[in-house]
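This report concerns only the one structure given below.
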Amino acid sequence: MSDTFHESKHDSDVEKDDASRSDASESSSLPRGFRWGVEARGTVPVPYEDRRDTQFYKVFFVWFSMNFNILSFSTGALGPVVFGLGLRDSCLVILFFNLIANFLPAYLNTWGPKTGMRQMIASRYSFGFYGVIIPTVFNLTGLCGFNILNCILGGQTLSSVTNNNLSWTVGIVIIALLSMVISFMGYRVLNWYERLSWPPVLLAFLVALGVGGKNLHYATAPPAVPATASQVLSYAATIAGFVITYSAMASDFTMYFDPKVSSRRIFCYAYLGYVVPIVVLECLGAAAVLAAPSVDSWNKGYGPDGNIGGLLEAMLSPAGNFGKFLTVMLALSVSANIACTLYSICFNFQVLVPRFSHVPRYVFSVVGTAIALPLSIVGAHKFYSALTNFLSLIGYWASAYGGILLVEHFYFRKGDFSTYDQADWNIARRLPWGAAALGAGILAFGLVIPCMDQVWFAGPIGRQTGDIGFEVAFPLAALFYVPLRTLERRYQAIN
């Protein structure tokens, strides 16, 4: 009990210091009864002396809970369903490319304690005050897209518990509103929720394996046709798109940490928080959909439209009413992801339009929900095509973005975080022009496009090799950035 009190007081102290220096007095604009726990800070960096949170393990639970849900399960299902891979090939792609792609977002988590900045604010030191608007638009699109996919999955799963007596639309609304309330409160409540949300999900998957695991042996049958390089690389692009886009929100959840913390420690917490849940659930998702045609109840639940919620409900059905309860827990698991994503959406709106920094942060949780709700309802019956196209596409820009940030940090700033002067965060003339970063991104995409292999477009290289767009985007953007940034630094006089 005393530990719980200590954690509550610790978080409260962090937010008191935060609120006292906020760019907008958000919590004071709320009715008195709603002020408890509401984070006040928007995009203003956290001063060195106010970065006092030493509960570093929290970043592990943030990312673990965000990814320990049915969206990870459904992403694993794409390997067999969309790309025609067998279980072995799907799991190898899942493992290998997750181990690689998660390095970038895990590393960028270490920037939070050192800079005290939100991720897209720190990006201004490469892309400039106005130039960062471009990656912010891409990031907002990606974040809203993830929320739409999560709402669809949560709504489907809730509906399956009631044998479709509850419509998908109502289920989507329930998931969206619950997530909005959690994100509304901010840092303190989010961290509390993320630490508590994963055990019921773990229990649900363990029970599903316990009552239905014997059927997974059907998944081990080899595919009729051996996997091709094109299938493997195209699925890899989807896997990378799922995780690499976390790079653009990484430090949003670590900026309150004590700057004296070892970067290696934060990296390890974040990396494990990504890799463990994603790899486990994606492999389980691949196995479940491969076994489904051989199990009548699973096949019926999954249906011709690929209803992941129905499949999960069928897997848990031998547990009776307890299984239905666990299916509800799985449906609600997406709220851990949506709430944190809405939290980052708030700051992206404030970076997109700097005048929005005077608008209370929580307002944008409502805006983000208002965007996701109707699009989720419209796209509910086209889930797999939406998921595949979305995940493959967003990986391109995030890969190029990461390459530019790392070259700026290690080559031009020599890895020195003291060069990110907090006093410059919102002064355009003290920041780079951003022409080098945008130019590097544009030039990189000139070569990325021929390497794409999407349903709606296949470049000449991608058509032969499979989708290698995200693998190409990172080194090309980094390579082009070096000469362009060198020229920019030579001609820009920062006053």
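Backbone N, Cα and C atoms are what each Cβ position is placed from, and that goes for glycine too.
Heads up, TrEMBL stuff is auto-annotated, nobody curated it.
Residues or ranges marked as compositional bias 'Basic and acidic residues' by TrEMBL: 1-24. Taken from TrEMBL, the feature region 'Disordered' covers 1-30. For 60-86, 92-108, 129-148, 168-190, 202-220, 232-257, 269-292, 325-350, 362-384, 390-412, 433-456, 468-484, the entry in TrEMBL reads transmembrane segment.
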- Query: When you check the transmembrane segment (129-148) against the transmembrane segment (390-412), do you get at least 3 Cβ pairs under 8 Å, counting only pairs 6 or more apart in sequence?
  - Reply: yes
- Item | Stretch contact, the transmembrane segment (202-220) with the transmembrane segment (362-384), Cβ-Cβ under 8 Å, 3+ pairs | no
- Looking only at residues six or more beyond either end of the transmembrane segment (269-292), which have a C-beta under 8 A from one in the stretch? 56-57, 59-64, 66-69, 72-77, 79-81, 85-87, 90-91, 94-95, 98-99, 102-103, 105-106, 109-110, 205, 209, 215-219, 221, 239, 242-243, 246, 250, 254, 298-299, 301-302, 308, 311, 315
- Query: Which residues of the same chain, at least 6 past either end of the transmembrane segment (468-484), have a Cβ under 8 Å from a Cβ in it?
  - Reply: 233, 237, 240-241, 244, 392, 395-404, 406-408, 411, 435-437, 439-441, 443-445, 447-449, 451-453, 461-462
- Item | Range from 60-86, 92-108, 168-190 with most C-beta pairs under 8 A to the transmembrane segment (232-257) | 92-108
- Note on the structure: Given 60-86, 362-384, 390-412, the one sharing the most C-beta pairs under 8 Å with the transmembrane segment (168-190) is 362-384
